[in-house]
Each structure stands twice: as structure tokens, then as C-alpha cells.
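First comes the structure, then the notes that go with it.
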Amino acid sequence: MLITFEGIDGAGKSTQVAKLVAYLKQQSTPLLSLREPGGTPTAESIRSLLLDNRKSITPIAELLLFSASRAELVETLIRPALAEGKTVILDRFFDSTTAYQGHGRGISLEQLHSIIALSTGDLLPDVTFYLDLEPEEALRRAFSRSGLPLDFAAQSNESDRMEQAGIAFYHKVRNGYLTLMQQHPSRFVALDATQPPDTLHQHIIAEVETRLKLHISPLVAP
């Protein structure tokens, strides 16, 4: 089963990923937890390249580097783990590309879809948890938060990065996510990210347990 987490920077994805991983480990669920970009030596090198050049890299170059990292991750780690029956949890996947590079940066969605299909081999998540948050609240959190794991490109200073991109950019990204949610209602589970983290965690656990039962039921049916 492939589980992905999506949302704008500051929505709390990484916190919920960590909580779900801890819970599933307690349940002795075989799993693999990964982030994008990263996870393999090649992908981590690409991550470093993106971080080091986040102010100067062009949107197309950014897209292709993300896609190269994703292709490596899918083929070397994700597909083998799924074949072994593991639950794979991803902090971001290709929906981030559609929301950020497509809706946010204005790259053609038709071009994006072709590149995404190539980099993933048409691999789809079984469920995508989307943590919805207004950009203004996300920026407020970025200013108030200190010493916690940050989303991609935020390792040095998340609030500076969000200010540089601009609130308008994050509204475009959020609208992109809302569009994706409407287009794929059976895959997306929308969560109000203003709720307390533990409340969100309980909602996520309930959904994951339900979907895990449905996911394995064909294997155990008489």
C-alpha cells in the first residue's frame, strides 16, 4: 500500500508522517518511509543540488531534477518495497509537482503529466492525505516555529523562503491541490490542518486502518 502526504509548506505533513510511522511500527506493520526529493544516494545528491541553487534554478530545471530524483526513488526503493508487501509512506510525491511546478510556477500541465508518467511508471498512491491550510496561517507558523524538520527548500529559513515566493504563489499552489482533490476524490483525503496534531493523527489512523483492510481483503478472501 502506498500512502502519500501533501500540502503547502507549513501545513504539518512531516509531523503527521512521523506520527503515522510510529503508530504503524507499534502495530508491527512492515513499512518504508521516504521523503521527496531524497531516499537514495543519487536522489540525496539531487536534493542537495536543489537546495544549494534554490534562488537561481529555473522552473524547468527544477522540474526535471525533481523528476530524476523521483524516477530513481520509484525504481530502486518504492516498487521493490511494495512488491515485498510493505506499506510505503511518502512525504510528498508527484502531486507536489502538479501543485508547485504546474499551478504555482505555471508550467504546462500537459507537459507535467507526461514527465510525471515517465518518472513514476504510472505508479499511483492508494491514498493521499492532503493537509489543507491557508497560506497566511502557514507563514505565521513558519515565523513562530523553530528547530523542527522543515519541508523541502526550507532547511535554512522557511519563513524567508515563503516570503520570497510570496503569498500569491502559495495561494496558487493551494488552489492546485484543491483542484487535484476534486479530480481524484477517491484517492484524496482532505484534512483541516488547523486542527490539533493529535486530532489529525486519529483521523489519519482511522482512514489508514480502513484502507489497509480493503487493500489486503482480496488476498485473504476465500
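Every residue, even glycine, has its Cβ placed from backbone N, Cα and C.
If you look up Swiss-Prot, you'll see Gly7, Ile8, Asp9, Gly10, Ala11, Gly12, Lys13, Ser14 marked as ATP binding site.
Ala11 (ATP binding site) falls outside any helix or strand according to DSSP and counts as coil.
In this structure, Gly12 is the one among the binding-site residues Gly7, Gly10, Gly12 with the smallest number of other Cβ atoms inside 10 Å of its Cβ. Around Ala11 (ATP binding site), the same-chain residues at least 6 positions away in sequence with a Cβ under 8 Å from its Cβ are Leu131, Asp132, Leu133, Ala138, Ala193. Counted within 10 Å of its Cβ, the other Cβ atoms near Ser14 (ATP binding site) come to 17, all protein chains included. Figure note: comparing Cβ neighbours within 10 Å for the binding-site residues Ile8, Asp9, Lys13, the maximum is reached by Ile8.
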